[in-house]
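Novice: Got a structure here, written out as structure tokens. Questions coming.
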Amino acid sequence: MKIKTRFAPSPTGYLHVGGARTALYSWLFARNHGGEFVLRIEDTDLERSTPEAIEAIMDGMNWLSLEWDEGPYYQTKRFDRYNAVIDQMLEEGTAYKCYCSKERLEALREEQMAKGEKPRYDGRCRHSHEHHADDEPCVVRFANPQEGSVVFDDQIRGPIEFSNQELDDLIIRRTDGSPTYNFCVVVDDWDMEITHVIRGEDHINNTPRQINILKALKAPVPVYAHVSMINGDDGKKLSKRHGAVSVMQYRDDGYLPEALLNYLVRLGWSHGDQEIFTREEMIKYFTLNAVSKSASAFNTDKLLWLNHHYINALPPEYVATHLQWHIEQENIDTRNGPQLADLVKLLGERCKTLKEMAQSCRYFYEDFAEFDADAAKKHLRPVARQPLEVVRDKLTAITDWTAENVHHAIQATADELEVGMGKVGMPLRVAVTGAGQSPALDVTVHAIGKTRSIERINKALAFIAERENQH
């Protein structure tokens with residue numbers, strides 16, 4: 001049997017992390033079995049579905065490299081097919097027309113609630129032989145079995161059973177002629193030959209209804225697996241107040257797709273004690289029976305730790321391709337300065353996100369207007385003039401501009417003046433970067449370049465002289 005899974009988002013907003021994890025699990029299961037992964041857009045909610053949301057979902061999928069083998073299919077383009085199946089069910093007697101008014105249904109609901117009963121349709125039109133005009137408004141309901149129960153073996157939760165008496169005669173076509181969500185899903189899974197439906201636990205109550213419709217159509221019933229929800233670190237359902245929940249917001253915040261994927265796969269699934277997984281390892285090891293039944297808590301610190309790991313573990317040239325976007329957001333002109341791959345090597349240890357990296361690298365490429373006030377007050381004092389003049393002259397004398405030779409020049413200055421490295425290094429750092437913190441000074445000065453470094457030291461010396469004149 002060829003394994004076929006699907007990811008079927010409703011395009012009413014962005015791709016959130018819960019949806020992305022469901023997509024990832026479906027994708028991994030298909031890849032693990034050499035099967036196919038289908039993308040289906042469930043856009044039957046015409047009022048809330050937007051083209052922007054469809055684009056945002058695909059952007060998120062593409063950024064995570066969760067490529068689909070079939071689709072995207074759109075439910076709104078399949079209405080003829082759904083209606084043909086409904087007409088067939090009406091003929092076969094597995095569905096019926098219901099003419100009950102909203103007022104009657106509301107009164108029925110209130111009566112049932114008052115008795116403490118679960119509100120459900122009472123089947124009046126199911127057994128009615130009244131004649132109605134062809135143009136009289138009606139809905140179409142599925143004639144749900146009235147006896148027995150529906151049992152399915154959830155691949156994550158084990159056997160789940162629903163009594164048919166608890167299930168309603170579901171509306172499958174509205175008065176305006178449009179088919180309903182639960183019905184469209186069934187026909188899609190049948191037509192697309194989906195073998196495994198992996199989705200959120202909020203769909204568990206839909207499953208028995210969908211199974212009954214599939215059986216009425218004499219269609220194969222797929223295997224179901226319902227993934228638990230994701231909570232924030234406070235135990236409440238993950239939402240915007242916990243920070244980013246959209247996949248592309250994580251991109252904007254400077255996360256690598258590898259870090260988010262690795263984090264999401266471990267959010268409810270495990271393979272021994274392993275924390276770091278390549279894409280190939282995820283595919284190789286992923287099984288549904290290792291997915292947890294209990295809710296997962298989203299931990300941003302853990303994601304940040306993973307991101308820092310991947311910034312340093314992945315090839316710098318690759319990380320640089322993702323960094324480029326963030327550099328553009330900061331409007332930094334990188335034509336004069338180190339290659340971005342070299343920048344990744346320079347700043348990788350210090351920066352946990354690419355956004356942080358882009359925001360802290362400007363001095364490598366552009367001259368700064370002024371020194372950081374606190375750093376200048378502390379380190380650009382008259383006592384720093386001599387160390388800066390001596391180190392400037394030694395840097396000027398370098399013919400082979402390497403980080404090693406820069407280091408020798410700084411060391412030689414400290415030796416000559418008989419002071420600690422900090423007495424040379426700190427003023428030099430503020431002079432060339434404008435700030436009190438940077439990567440190792442030798443590689444920083446080397447990356448900034450000889451001409452620019454010497455110009456900046458002269459600027460710092462002028463700053464010191466100006467301060468002296470003011471006192």
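Glycine is treated like the rest: Cβ placed from N, Cα and C.
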Novice: Motif ''KMSKS' region' per Swiss-Prot sits at which of 42-46, 117-121, 237-241, 327-331?
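Specialist: Swiss-Prot lists motif ''KMSKS' region' for residues 237-241.
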Novice: Pick from 9-19, 449-459: which range does Swiss-Prot record as motif ''HIGH' region'?
Specialist: 9-19
Novice: Using Cβ atoms only, which residues of the same chain lie under 8 Å from His127 (Zn(2+) binding site) while being at least 6 residues apart in sequence?
Specialist: none
Novice: Tell me, roughly as an integer, the mean pLDDT over the motif ''HIGH' region' (9-19).
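Specialist: A mean pLDDT of 90 is what the predicted model shows over the motif ''HIGH' region' (9-19).
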Novice: Near Cys100 (Zn(2+) binding site), which residues of its own chain have a C-beta under 8 A away, given they sit six or more steps off in sequence?
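Specialist: Once residues fewer than 6 apart are set aside, Cys100 (Zn(2+) binding site) is near Tyr121, Arg124, Cys125.
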Novice: Determine which residues of the same chain, besides Cys98, Cys100, Cys125, His127, have their CB within 8 A of the center of the CB atoms at the recorded Zn(2+) site, and list them by sequence.
Specialist: Tyr96, Lys97, Tyr99, Tyr121, Gly123, Arg124, Arg126, Ser128, Arg141
